[in-house]
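Pulled from TrEMBL, these are the features on record:
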- 18-300: domain 'NADP-dependent oxidoreductase' (DOMAIN)
- Tyr49: active site, proton donor (ACT_SITE)
- Lys78: site 'Lowers pKa of active site Tyr' (SITE)
- His111: substrate binding site (BINDING)
Amino acid sequence: MVSCSKQKLRTGDEMPVLGLGTWKMQNPKQVVYQAIEAGWRHIDCACDYDNEIEVGAGMRKAIDAGVCKREDLWVTSKLWNTYHAKEHVKAACQKTLQDLGLDYLDLYLVHFPIALKYVPFEERYPPEWTYDPASANPKLEFADIPLHETWQAMEVLVEEGLVKNIGVCNYSAPLVMDLMRYARIKPAINQIELHPKLTQEALLDYCGTQGLAITGFSPFGSGSYVELGMDRGHKMLEEPVLQAIASSHGKTTAQVLLRWGIQRGTSLVPKTSNAERLKENLNVFDFELSEEEVANISAMNLNVRYNDPGEFCKGMGGAYPIYA
Ligand SMILES: NC(=O)C1=CN([C@@H]2O[C@H](COP(=O)(O)OP(=O)(O)OC[C@H]3O[C@@H](n4cnc5c(N)ncnc54)[C@H](OP(=O)(O)O)[C@@H]3O)[C@@H](O)[C@H]2O)C=CC1
Ligand SMILES: O=C1CO[C@H](CO)[C@@H](O)[C@@H]1O
């Protein structure tokens, strides 16, 4: 039985393997408070989710109520694409800290390996993808900022004590290879899309050889994206292979998906705004999938990706699909 619920990072820090996703969360203050009461200790945030003030208020409420202490929580946030320049990275991190009501982050991630033109906070926050969203024909505007410049500024955040760990999201193997060459402080995490339709074994193996732990986002493979009209024609939580395995263990398909990810050695950041599902998604440490079950789930792979910025920006000057 795999009972370990922490993922060891290269810094020696241990991150709870299940983190609560907050993208598109309804009633974040209440849900985050309920989550912490239910036992969640890792919250996955981002400036881009436009809710860090409410998420922070939920954490504060739990701390003030004595449910947990700040040091019991693992809080991750992400640097948005418009703040990649060395002179903007620290201010972006400080803004996130202020919004969350914290004086340090456990983990700060570069959200995408894509630099976009700077938008000042007072003009628009968060700036999201397009430079001119109010115009008739909104466009992506890229910025000439190399990733190593951004990483050097991320390293300074560790040295100044604003963040304990730094990492990346949505990095392919060649980008990780490059990063490992120039990083003085090596990345602790690569947070990538992972579910049975996108198993990314080669990337997992490669990051493993470099001491990079992996967090899987969108572990249920749909939900938020389907709400955005990005239907890939399958309903992950209703897949017959998963349903059969779930019923043989007396578990739900969501719990099987989380268990599959944990047994592959990754942490995961499932999102729910629902009080019952907060408990359901945490209740995955009392059963184990067999090697055959893990393999059968992995065999569902179709290399189907939801989080392709090119698709989000289709018709907005974005190349589609960026990751193909
Ligand atoms: N680094 C990056 O670029 C990215 C990071 N992320 C992170 O990953 C998190 C999770 O990914 P996300 O794309 O939101 O999607 P998920 O795969 O976590 O799916 C969320 C959907 O599943 C539903 N759901 C949750 N639990 C259950 C359950 N037990 N049974 C049935 N349905 C359930 C939710 O609905 P309901 O709320 O009603 O329960 C929602 O519709 C994000 O919130 C974000 O923190 C996501 C995308 C990109
Ligand atoms: O993490 C996230 C989920 O995906 C979205 C689209 O790429 C991002 O904008 C968001 O920040």
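Cβ coordinates come from backbone N, Cα and C, glycine included.
In the predicted model, residues of the domain 'NADP-dependent oxidoreductase' (18-300) average a pLDDT of 96. Secondary structure from DSSP puts Lys78 (site 'Lowers pKa of active site Tyr') in a beta strand. Sequence-distant contacts (6 or more apart, same chain, Cβ under 8 Å) of Lys78 (site 'Lowers pKa of active site Tyr') comprise Cys45, Ala46, Cys47, Asp48, Tyr108, Leu109, Val110, His111, Cys169. In the three-state DSSP assignment, the secondary structure recorded for Tyr49 (active site, proton donor) is helix. His111 (substrate binding site) has a Cβ environment of 20 other Cβ atoms inside 10 Å. Counting every protein chain shown, the Cβ of Tyr49 (active site, proton donor) has 21 other Cβ atoms within 10 Å.
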